[in-house]
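S.K.: Copied straight from Swiss-Prot:
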BINDING   D49  peptide antigen binding site
DOMAIN    140-249  domain 'Ig-like C1-type'
REGION    22-114  region 'T cell receptor beta variable 19'
SIGNAL    1-21  signal peptide
Amino acid sequence: MSNQVLCCVVLCLLGANTVDGGITQSPKYLFRKEGQNVTLSCEQNLNHDAMYWYRQDPGQGLRLIYYSQIVNDFQKGDIAEGYSVSREKKESFPLTVTSAQKNPTAFYLCASSIRSSYEQYFGPGTRLTVTEDLKNVFPPKVAVFEPSEAEISHTQKATLVCLATGFYPDHVELSWWVNGKEVHSGVSTDPQPLKEQPALNDSRYCLSSRLRVSATFWQNPRNHFRCQVQFYGLSENDEWTQDRAKPVTQIVSAEAWGRADCGFTSESYQQGVLSATILYEILLGKATLYAVLVSALVLMAMVKRKDSRG
């Protein structure tokens, strides 16, 4: 590798930038069966001459796969075996994983710079998992656990816990929604999913997240809390022969309603709303019937008066 490229790698590891909209990669998550070819796209609109592809494995630093300094020219990096690239246009530098080998989830990053000796700008990355059998894919099971009374009484705070378990691969995004709107304040999510059985390569994963609100907010039974997990699984084109539902890309959610401390729960609140609605409909029906009866009596009186005058 040239000294210029080595310099760029050092700059990258010490602190490179990301540019919103400047460099795009797709897809964000990808899952493939062992032996298949996989192409990852990278586009940049920064008018940069140099472009790069890196791979990061769990617990390791970035490793250079390929780099290109001009159109129709590219050079191998440290781990070019099993990969191919092309640079037909200045703004595009696709990477193909040829005959993908089984491996834990790897993170692929595309970068660009004005020239090879300049600071590099990175895209958002692509997470790729390769497995020997698609039957290993499972969507998550999601549950929400309500706050403890001890926490509420001692701290006047309420922490809801969301637990997503039993999913593979670890291609998930977790979010909290309160009364139909996504929230970020008070949210603390694990940095990354953890293996349920660390010794197994194809172990399923789990992920937890916490949402902390005031006790008063939790004790309002009109407040609705939802934990949403976006799972990136198989596509519609992937072959599936198992006797369970195909684990396609999907959203899995769990929810909870605020719970008052005076016996007024979300269930009783909803039941009260239903009862009030029914009572309103009954009263409205009675009022309508009464109006019809009064109108009929008035009409009869008018007819009778007309007959008496005749």
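Backbone N, Cα and C define each Cβ position, glycine as well.
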S.K.: Just how many other Cβ atoms lie inside 10 Å of the Cβ on the residue listed as 'peptide antigen binding site'?
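M.R.: The residue listed as 'peptide antigen binding site' is surrounded by 16 other Cβ atoms within 10 Å.
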S.K.: Based on DSSP, tally up the residues of the region 'T cell receptor beta variable 19' (22-114) by helix, strand and coil.
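M.R.: Tallying H, G and I as helix, E and B as strand, the rest coil: 0 helix, 54 strand, 39 coil.
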S.K.: Within the domain 'Ig-like C1-type' (140-249), how many residues are helix, strand or coil going by DSSP?
M.R.: 11 helix, 52 strand, 47 coil
